[in-house]
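Visitor: As listed in Swiss-Prot for this protein:
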| type | residues | note |
| --- | --- | --- |
| BINDING | 22-29, 70-74, 128-131 | GTP binding site |
| COMPBIAS | 186-201 | compositional bias 'Polar residues' |
| LIPID | CYS207 | S-geranylgeranyl cysteine |
| LIPID | CYS208 | S-geranylgeranyl cysteine |
| REGION | 186-208 | region 'Disordered' |
Amino acid sequence: MTSPATNKSAAYDYLIKLLLIGDSGVGKSCLLLRFSEDSFTPSFITTIGIDFKIRTIELEGKRIKLQIWDTAGQERFRTITTAYYRGAMGILLVYDVTDEKSFGNIRNWIRNIEQHATDSVNKMLIGNKCDMAEKKVVDSSRGKSLADEYGIKFLETSAKNSINVEEAFISLAKDIKKRMIDTPNEQPQVVQPGTNLGANNNKKKACC
């Protein structure tokens, strides 16, 4: 059973930092908005640099504070965004099931993780916009096969129709919580939201 926090400053048992990465336009910001506020915007949100939201959930009798960072997919922001990989405890790699190129680039994003994140970071592959079945070009079996190749979990989601969004974030949080219990000396490295790295959003076109 999960529920949004009524008081963001309330006590919590675990603080977990998650990171959303993937090409521009795959719907990372929409996934974050759906999970954190249970809302959806039909406008495409271009993240400038990096942005974050917080949601506290109840998970297996513990209060888990999720600090979720949304990164820009554009190459010109890569230096800024890769700086946040090191502190991530979990990373969601997002592609658009209607965009073959975004799926092909997942291997590049995984290489970025291998170069900049900790070895123990939990990962999950997300095929977003699964509600657009008539435009789908990346079959579910291909997503599952790629995830299996890297030994990570896979889900198809729709931020627009709220399909598997909750499940994706909660599943990753559960895996991280288990790892923290199994390795009690591991402390989360949390990037504090002190400096605004251009987190303002520009709205352009449709996103799911």
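The backbone N, Cα and C atoms fix where each Cβ goes, glycine too.
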Visitor: Least buried of the binding-site residues GLY25, THR71, CYS130, going by other Cβ atoms within 10 Å?
Guide: GLY25
Visitor: Taking GLY22, LYS28 as the binding-site residues to compare, which has the smallest set of other Cβ atoms within 10 Å?
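Guide: Minimum Cβ neighbour count within 10 Å, taken over the binding-site residues GLY22, LYS28, occurs at GLY22.
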Visitor: Give the three-state DSSP assignment (helix, strand or coil) for LYS28 (GTP binding site).
Guide: helix
Visitor: Can you tell me the three-state DSSP label for GLY22 (GTP binding site)?
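Guide: Once the DSSP labels are grouped into three classes, GLY22 (GTP binding site) ends up as coil.
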